[in-house]
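Visitor: Here's the feature list from TrEMBL:
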- 1-58: domain 'Fibronectin type-III' (DOMAIN)
- 64-159: domain 'Fibronectin type-III' (DOMAIN)
- 163-252: domain 'Ig-like' (DOMAIN)
- 259-353: domain 'Fibronectin type-III' (DOMAIN)
- 387-482: domain 'Fibronectin type-III' (DOMAIN)
- 488-585: domain 'Fibronectin type-III' (DOMAIN)
- 589-674: domain 'Ig-like' (DOMAIN)
- 685-779: domain 'Fibronectin type-III' (DOMAIN)
- 785-845: domain 'Fibronectin type-III' (DOMAIN)
- 356-380: transmembrane segment (TRANSMEM)
Amino acid sequence: RESDHRAWTPVSYTVTRQNATVQGLIEGKAYFFRIAAENIIGMGPFTETTKEIVIRDPITVPDRPEDLEVKAVTKNSVTLTWNPPKYNGGSDITMYVLESRLIGKEKFHKVTKEKMLDRKYTVEGLKEGDTYEYRVSACNIVGQGKPSFCTKPITCKDEIAPPTLDLDFRDKLIVRVGEAFSLTGRYSGKPAPKVTWLKDDIVVKEDDRTKIKTTPTTLCLGILKSVREDSGKYCVTVENSTGSRKGFCQVNVVDRPSPPVGPVIFDEVHKDHMIVSWKPPLDDGGSEITNYIIEKKDAHRDLWMPVTSATVKTTCKIPKLLEGKEYQIRIYAENLYGISDPLISDEMKAKDRFRMLFICLYYFDTLNFILFVVLMIFYFSPGVPDAPEQPIIKDVTKDSAVVVWNKPYDGGKPITNYIVEKKETMATRWVRVTKDPIFPSTQFKVPDLLEGCQYEFRVSAENEIGVGDPSPPSKPIFARDPIAKPSPPVNPEAVDKTKNSVDLSWQPPRHDGNGKIIGYLVEYQKVGDEEWKKANLTADSCPETKYKVTGLTEGLTYKFRVKAVNAAGESEPAYVPDPVEVKDRLEPPELILDANMAREQHVKAGDTLRLSAVIKGVPFPKVSWKKEDREVSPKADIEVTGVGSKLEIRNTVHEDGGIYSLTVENPAGSKTVSVKVVVLDKPGPPRNLQVSEVRSDSCYLTWMEPEDDGGSVITNYVVERKDVASAQWVAISSSSKKRSHMAKYLMEGTQYLFRVAAENQFGRGPYVETLKPIKAMDPLHPPGPPKNLHHVDVDKTEVSLVWNRPDRDGGAEITGYLVEYQEDGADEWTKFQTVPMLDCVVTGL
């Protein structure tokens, strides 16, 4: 009855067992129940439930937690994590109970007395060398659920792995002065390795420019604003108790050279030429001197004139001198990275030896002395300044330009002012650019130009005598913002080569000349030749900072250079530092194994198996994967890239386990590594389930272990039964380690099915089920013989017989009695009939 009603409703009148299922109840309502026994005489009194029962889904203990894993192991601690149960029993999880068992002991013990809700815990204070296994249970308001599957035995010891080192830099590195550079890489090892940086065998220390950063997996040495002294051989050492690994890099910090060493020596002096010499720079900037630039100038003027820019000798002839004038010489040294500051000589007059003596003797002739004096006075009398040379225009913008000129001869009186004039090219009238005096500067920024117009400029010098003649007009210029040629590309280098090609790479120029870089021109020259050949005809065919030069001849040595190009033209070339011999580069294969290529790899069934390694070698090696010296399964995805290879098998099954090998091979050699893969899975079904010794309340089950244990030891068997009239299986044992079980507490006369499944640490396998139902009843035997058989009447053709029941019925109700007769002296009995009662009349005798 419902708790708020008084009327009782019958559920069943035919229950013969001590349990019944009440159906048709309403969820959330409260009910009372009562039961009475009945026999042939009548119904006995009812027994009623003491309190109301609310209908709702039952709350049970939680399922076992899942995925208990060991995350870290040291000599005195173990860190574990797990996931919550799939079903919490209908109530929130209130705590977890973590237990451990020392291998060799029988019982598990709680790890902590504290209430634990986090699903991660570090067990500390363990003894080094001891081996434990762990399990965890979940609790709710009902109680503690089943423990999880145990971990594998875990020995307390520090994990050991030799150091590995993977560097991001090459054996050689060239850096410009002032630039920053860094040496980076990744490393691993257990215990954590110590990282040490050396430069030329001396430990590198941090300062304002030198920074060292080390994380548990990466390492980095960085140097800011590099200087020439940063050049050297750098070494990084990664070391722990199991070994060490080293990496090297030769760093060359390059710069323009220092000035040539003076003084400039005048080896020969003549009226029209001189021969000078000097010494090379003390510092070539890290790159050989490619040439010297020599310039000359009249000692009384500011204009330097080029002599040559293509000599590598430290001596040079200075031609086209004017007799009697004094000259200065300046010399620059040049390498691939720039031009040095100049070395400037003392003043030296161009004259033949003994020439002045001859002139003096000639003019001191008494007849001509007066004429000589008159000529000198006329010659040296003051006048207006000479016209300046043609001015140079620079720093042109859309509305201004800088006019630069050299100081002319002052005419014997100091120059007091310069007059700068401008005119449009197609105009005829010159206009003074400013009324303000311009002196002593020999350059002037002309403002207020009109964008897009073409202009010419000229300059006149003025002294107290007057204004001299104007200079020749400058070259015409357009008033617009300039696009200059770019600077040369940076750090060109040969990064790879074959028997007929060379791969070059470089960095963009530091200055693009205020114009977009269209591309690059790559040129090459066979060593010994003078002619440079173009590898690409147009700059736009090489827009990126790399290029493969093809069509080269195997065995020959070539030089390479690169120019940047924008709308203003080509930059100066940047040279690859060293000539390159064209031939195939051979490096034997090298395998850098990832963590998943350890000696033995375990993977759960259904998960993805991944095996991978980094591959090096030139040419890039041929890659092949094998399993047990045969081709791998078609379900395996194999990927080969330019740096490594990966094998991946999704949804692994037990058959995917085995020995996998990776072989890499090129003309320089071959290398093979192997890994044992174990696919861990739930066990298969038990075999040969048999039922014997059936009784009214029990039976005996036996079975054989599964053919496949899933790669892990069978921890226990789960045994369940089911009434054939019910849809639900009931567990009768979940921890049996034996391959047999006595099923007890059966209800007599009920038919049952039984099933058994095996469990290991990865879960429960499929069930094996009995083929036919088993009825719970004691075994049957033939009944005993009837007792006291005798006749009670006899006639000439029939006999009336009676008898008593036998002492035993054989375990079942007697259904009838078989009556037989035999003639006297005969050997065989003749069947008469079967009768249900204890008497019979035998007729037909």
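Cβ coordinates come from backbone N, Cα and C, glycine included.
No curator has checked TrEMBL annotations; they are predicted automatically.
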Visitor: By DSSP, what is the split of the domain 'Fibronectin type-III' (64-159) into helix, strand and coil residues?
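Guide: Counting residues per DSSP class in the domain 'Fibronectin type-III' (64-159), I get 0 helix, 45 strand, 51 coil.
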Visitor: Counting Cβ pairs under 8 Å that sit 6 or more residues apart, are there three or more between the domain 'Fibronectin type-III' (685-779) and the domain 'Fibronectin type-III' (259-353)?
Guide: no
Visitor: Could you tell me whether the domain 'Fibronectin type-III' (1-58) and the domain 'Ig-like' (163-252) are in contact, taking contact to mean 3+ Cβ pairs under 8 Å with a sequence separation of 6 or more?
Guide: no
Visitor: Kindly say whether the domain 'Fibronectin type-III' (488-585) and the domain 'Fibronectin type-III' (1-58) touch, using the definition of 3 or more Cβ pairs under 8 Å where each pair is 6 or more positions apart.
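Guide: Counting Cβ pairs under 8 Å, fewer than 3, so no.
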Visitor: Does the domain 'Fibronectin type-III' (387-482) come near the domain 'Fibronectin type-III' (259-353), with 3+ Cβ pairs under 8 Å (pairs 6 or more apart)?
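Guide: Checked: the domain 'Fibronectin type-III' (387-482) vs the domain 'Fibronectin type-III' (259-353), in contact.
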Visitor: In the domain 'Fibronectin type-III' (387-482), how many residues does DSSP put in helix, strand and coil?
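Guide: Once the DSSP states are binned, the domain 'Fibronectin type-III' (387-482) shows 0 helix, 37 strand, 59 coil.
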Visitor: Looking only at the domain 'Fibronectin type-III' (259-353), what is the mean pLDDT?
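Guide: Taking every residue of the domain 'Fibronectin type-III' (259-353) together, the mean pLDDT is 88.
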